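S.K.: For 52-142, the entry in TrEMBL reads domain 'PPIase FKBP-type'. According to TrEMBL, the domain 'EF-hand' annotation covers 142-177, 186-219. Summarising the annotation, TrEMBL assigns signal peptide to 1-16.
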Amino acid sequence: MMWRLVSCTLCLFVSAQLSSWSVRAAADELDGEVKIEVLFRPEECSPKSKRGDLMNVHYDGFLAKDGSQFYCSRSDKAGHPQWFVLGVGQVIKGLDIGMEDMCPGEKRKITVPSSLAFGEKGKDPVPPNATVVFEVEVYSVSRGPRSMEAFRKIDQNEDKSLTKDEVKEYLKLEYEKGGKPRDEAFYEKIMADIFRKNDQDKDGHISAKEYNIYEHDEL
Ligand SMILES: [Ca+2]
Ligand SMILES: [Ca+2]
């Protein structure tokens with residue numbers, strides 16, 4: 001049971017190396033593109049998933065060539081839905097692509113060529129150059145920590161730009177909310193790190209564009 005859980009986590013949370021073109025792909029192997037079939041879509045379909053969103057999803061993986069299952073059965077009682085951020089390589093590339101625009105309750109069958117899954121090496125028990133099929137069901141979609149909702153919360157004077165004071169104020173509140181207030185030195189260190197990574201033009205402000213790395217179009 002434990003091993004199965006570990007192997008499930010491993011196979012999904014390793015982003016596949018993009019393999020070179022495989023000339024020996026079998027006839028039932030898919031070339032190049034992700035194929036999406038919507039199995040069920042709720043009438044009220046929102047919010048729709050976008051790059052950077054936090055997703056909670058249940059999925060089963062099968063080999064295209066014989067339909068054998070290699071990943072987390074739904075019937076497995078230990079198979080809890082997985083949390084991950086969409087579009088940033090926490091799951092195989094084919095799922096990052098195939099799970100865009102999904103809402104809670106939606107189910108899809110996503111067929112992924114090996115180049116966007118486990119590549120020419122495969123990943124035990126997935127053999128080399130294997131097209132894989134995932135049946136996914138979305139439980140929840142929420143805007144990730146880098147959403148524009150969060151940006152607006154931090155941007156107290158609403159000038160669409162974040163100063164160090166605004167970010168620090170926000171962090172303090174978050175840490176206090178979590179019951180873990182920290183000292184000044186701690187915040188200074190985090191702030192230096194945040195601005196080094198995000199303030200690309202080094203003007204001392206994080207603009208909406210600098211913040212919005214997942215390209216949500218909500219502004
Ligand atoms: Ca501001
Ligand atoms: Ca800047």
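Cβ atoms are placed via backbone N, Cα and C, with glycine included.
Whatever TrEMBL says is automated annotation, not expert-curated.
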S.K.: How many helix, strand and coil residues does the domain 'EF-hand' (142-177) contain under DSSP?
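M.R.: Residue counts for the domain 'EF-hand' (142-177) by secondary structure: 21 helix, 3 strand, 12 coil.
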S.K.: Quick one: mean pLDDT on the domain 'PPIase FKBP-type' (52-142)?
M.R.: 89
